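To start, the structure under review is shown below, and the notes come after it.
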């Protein structure tokens, strides 16, 4: 019998010292795949219980045998192959779900801390969701509904928290052509309250998506009218809303006696339906009304379906005109444009790699655009990374990893990707005859050993998905 081919492998890692093996090259069978390599690392480290590892060669996850990897990259079997090992990501599993009364369109779980967090003592904020019944809901980390607010007539399209630096402020947008900014009082408690601070009116059709700038002092909105508008937000607007409410309350108190003298018996029967400006603001049905955006970005020819704002000076948008655009916010112009052949339904960027844009399209493909190349050159390439069985409806970048994405689609699947391989790390297909409309990562804790993906299903259900150990 022919002797099995051996390959010299030098194992390296960026993990802590207690998880490092000697970097002396060792001879291993060329037929080994990821599982066999993981067994070697566990043996060398004497880990009990064993831990799963993934392996990178030249920045690419190894998904074939070492021999196949060498052949596909035209490498000699006599050379020493440098392989980096990293913690593996376990495929996602459903953890819990909650039935709702209507389709759920948007979710933001970035303020919530996973129960599996490496820092359980850290405070946990709520999960926010919006649905087509017009309700904004707040949830605890274990998916207990803690608050319900009537937010938009006709349905909520998007919910997004502002950055923590701006306090507990939340944006919602809806089919009623408005955006609203709310303050979540008692956000970390069992019974949070939502107070409406401001209404933004400027769109002529449903507002599909909103995204806050990194500072949270501004946000961008987009919608079916093809408009892309930048607005002021954050603490300054919240302070202005509080000042307006106080002024209205003072004015109301000053002429209160005059109003009382004019109230007759018939009017007394309807007095309970009248709110002062101050009471309306405090009760969540008033607030400031903002009608002028600070900037309008012109260029899209159809519905703008998605936006992302990774840097203060630049943001991204995508829409039904088959384009993804990068905008210089100060100049108000598109500095890069990718023109495809299919509708762009969703997009996401990562704060530590703002030049990379992941977006999903109506042709079922997940694409990645690296904008560092020159406009019009071949280096401004858009690569197709993976696919769903139907439209890709949502994409979310893992806050603590620039390599990991979660996507959702009209095929009812939630998929977890590592951009260093074309094969998904896992796919959850427990949703039959339905569409998944949105997906979010739970929390923003870097270095945590576990992450939780929260998916929202079009078939009236909030579902938490555990993607396991890294």
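Each Cβ is built from the backbone N, Cα and C atoms, and glycine gets one as well.
From a predicted model like this one, the values you see are computed outputs, not experimental measurements.
If you look up TrEMBL, you'll see 7-70 marked as domain 'NLE'.
What TrEMBL records for 149-185 (among others) is repeat 'WD'. Sequence-distant contacts of the repeat 'WD' (149-185), counting only residues of its own chain at least 6 positions beyond either end whose CB sits under 8 Å from a CB of the stretch, comprise 105-108, 110-111, 125-126, 128-138, 192-201, 203-212, 214-217, 219, 221, 223, 231, 233-235, 237-238, 284, 287.
The repeat 'WD' annotation in TrEMBL covers 200-232 (among others). Tertiary proximity for the repeat 'WD' (200-232) is limited to same-chain residues at least six positions away from its ends with a CB under 8 Å from its CB atoms, namely 154, 157-158, 160-163, 165-166, 169, 171-181, 289-312, 315, 317, 319, 327, 329, 351.
If one looks beyond the repeat 'WD' (297-337) by at least 6 residues along the same chain, the residues whose Cβ comes under 8 Å of a Cβ in the stretch are 208-215, 219-230, 343-351, 354, 357, 359, 369, 371, 375, 380. Look at TrEMBL and you will find 297-337 (among others) tagged as repeat 'WD'.
If you look up TrEMBL, you'll see 385-427 (among others) marked as repeat 'WD'. Residue counts of the repeat 'WD' (385-427) by helix, strand and coil are 0 helix, 22 strand, 21 coil (DSSP-based).
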Under DSSP, the repeat 'WD' (297-337) has how many residues in helix, strand and coil? 0 helix, 25 strand, 16 coil
